[in-house]
Amino acid sequence: MTHLSVNLNKIGLLRNSRGRDYPNVVAMAKRTLDQGAFGITIHPRPDQRHATYKDAYDIKTLLQQYPGRELNIEGFPDAKFLEVVLEVVPDQCTLVPDDPNQLTSDHGWNVARDQDALRPVIAKLRDKGIRVVLFMDPVPENMTLAKSVGADRVELYTEAYANAYHTDQQASVNEEYQEAALAAKSIGLEVNAGHDLDLENVGLLCAPGHITEVSIGHALTVEALELGWDNVVKAYLDQLS
Ligand SMILES: CC(=O)[C@@H](O)[C@H](O)COP(=O)(O)O
Ligand SMILES: NCC(=O)COP(=O)(O)O
């Protein structure tokens, strides 16, 4: 079974759009956990356009009521991000090589180029007991480098998988992701996955059983507009069971 971590960035975006605490991110996190989700993910970007650094502290406090469930904080390891993560101490931190001005995450790490910067950051996070994940393109040959800089897991960047899903490349692209996952697992890395996953495409990716956790936010939020939040969370859990 693959764990579901629900990304609440878009709840934060809706909240920030009116300058009031409505919808309340913590209340939505509670609702999500009460439906059985394994965890909550947020990606506080430097401009805090959606998830804020305060959300990280608040959700960590909430999770104390949910033993066994997890907080995953995603982001680029700049000084403020690391300060917050090292104070909040989430269960997991997913490092993402995003520029502050990017619309969204759109590539994995170039570990060969960035290894000297990544290694001490990963060590500092792991010293606090935080599981460290590197956001990676699905390239089997790059998994050894992720391991070499100290990562516990990789998160496969799944936009290419999602884009191929309704095309005749679906099977071949899925095979590439499964091969990347197996390459990671073969050297002791667990495998997460995320970005543009949705209720339709998540099942095929996770069916072989190589994916430990998916983090899903954008599509889940859109699907909830039609189906309702509780129903969508339960529908993902059904897909992943
Ligand atoms: C790393 C990744 O693919 C997503 O977790 C990311 O959080 C999406 O960010 P936005 O919600 O800002 O598009
Ligand atoms: N790491 C992926 C994530 O947290 C959510 O990505 P998306 O579902 O919003 O594309």
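Including glycine, each Cβ sits where the backbone N, Cα and C put it.
Feature annotations, courtesy of TrEMBL:
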{"type": "ACT_SITE", "residues": "H43", "note": "active site, proton acceptor"}
{"type": "ACT_SITE", "residues": "E74", "note": "active site, proton acceptor"}
{"type": "ACT_SITE", "residues": "H195", "note": "active site, proton donor"}
{"type": "BINDING", "residues": "N7, R18, D196, G217, H218", "note": "3-amino-2-oxopropyl phosphate binding site"}
{"type": "BINDING", "residues": "R45, H50, T104", "note": "1-deoxy-D-xylulose 5-phosphate binding site"}
{"type": "SITE", "residues": "E155", "note": "site 'Transition state stabilizer'"}
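Cβ neighbour density within 10 Å is lowest for T104 among the binding-site residues N7, T104. A simple Cβ count within 10 Å picks out one of the binding-site residues R18, H50 as the most packed, and that one is H50.
In the three-state DSSP classification, H218 (3-amino-2-oxopropyl phosphate binding site) falls within a helix. On the backbone, the CA of N7 (3-amino-2-oxopropyl phosphate binding site) and the CA of E74 (active site, proton acceptor) stand 10 Å apart.
Farthest C-alpha pair in the 1-deoxy-D-xylulose 5-phosphate-binding residues R45, H50, T104: 12 Å apart. In this structure, H43, T104 are the recorded positions from R18, H43, T104, E155 whose C-beta falls under 6 Å of some atom of ligand 1.
In the vicinity of ligand 2, defined as a Cβ distance under 6 Å, the following of the binding-site residues R18, H50, D196, H218 are placed: D196, H218. Close to H43 (active site, proton acceptor), meaning Cα to Cα within 10 A, are the following recorded positions out of R18, H50, E74, E155, H195, D196: H50, E74. Distance from the CA of H50 (1-deoxy-D-xylulose 5-phosphate binding site) to the CA of R18 (3-amino-2-oxopropyl phosphate binding site) is 12 Å. Here the C-alpha separation of H218 (3-amino-2-oxopropyl phosphate binding site) and H195 (active site, proton donor) works out to 8 Å. Of the listed recorded positions H43, H195, H218, the Cβ environment within 10 Å is emptiest of other Cβ atoms at H218.
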